[in-house]
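Now, the feature entries from Swiss-Prot:
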- Tyr163: active site, proton acceptor (ACT_SITE)
- 19-43: NAD(+) binding site (BINDING)
- Ser150: substrate binding site (BINDING)
Amino acid sequence: MEKTSKKMIGRRFEGKVAIVTASTQGIGFAIAYRLGLEGAAVVISSRKQKNVDEAVEKLKAQGIEVLGVVCHVSNSKQRKNLIDTTVKKYGKIDVVVSNAAANPSTDALLETQESVLDKIWEINVKASILLLQEAAPHLQKGSSVVLISSITGYQPPASMAMYGVTKTALLGLTKALAEEMAPYVRVNCVAPGFVPTNFADYLTRNEDIRNSLEEKTFLKRLGTTQDMASATAFLASDDASYITGETVVVAGGTPSRL
């Protein structure tokens, strides 16, 4: 777990409740950790109870108020339970970070099976909409939603084609939801560059690929989970109270134009 100095951050989420999906490792965990350090009661989720339990213990060890819930975002009953359990314990929701994603195939688009196309779309896009349908009635005035997209949404690479297409869709979804949920709820998006997590390990563990990715950035390095958490916390906080419908690309200067 990358360390964030408690002396360097404020308490922008004191008294607030934040749900972060797919948050027991990687970028999702870093986001939950950051929001928790800043005072939020964080609700973390993952498909596996073991992962949830381990992440809860790590966050509690840092003095963070945390609730862990098993949730596969493509399961309607588990989505509803995530929201209902949060509201039952805390009485409200202030922040929702939709981070869950899947990339089960490296096939070219025209060679990808229909069932795989459906799975990637369902988890990466559809689940965010359905989760917010459940959460919306409980969001407080001044609440914030942050969708996690990707730099691949701007130019989907061949090895992540359908994944990239779904991340492009999230850019549009951000705009649509921002208008629909205004004026009481803001909706923004973070598009991370490549970060060496378990999710991206098949790319970043290859030295040649990693070097190529680093060379495409102005800063000549890959991102960290802490980089993504900082940007997400900003957009979710009142510091971004006049920002909605926008995507912040956190990719070290990697070209990001549709």
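Backbone N, Cα and C define each Cβ position, glycine as well.
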Cα distance (Å, whole number) from the residue listed as 'active site, proton acceptor' to Ile27 (NAD(+) binding site): 17
Neighbourhood of Ile31 (NAD(+) binding site) by C-beta distance under 8 A, where only residues 6 or more apart in the same chain count: Val20, Ser23, Val97, Asn99, Met228, Ala229, Thr232, Ala233
Ile19 (NAD(+) binding site): tally of other CB atoms within 10 A of its CB: 31
Distance check against the residue listed as 'substrate binding site' for the recorded positions Ile19, Leu35, Gly39, Val43, Tyr163, keeping those with Cα within 10 Å: Tyr163
Assigned conformation of Ile19 (NAD(+) binding site) - DSSP reduced to three states: strand
Binding-site residues compared (Ser23, Ser150) - the one with the fewest other Cβ atoms within 10 Å: Ser150
Local backbone state of Val43 (NAD(+) binding site), from DSSP in three classes: strand
Around the Cβ of Val43 (NAD(+) binding site), the count of other Cβ atoms that are within 10 Å: 27
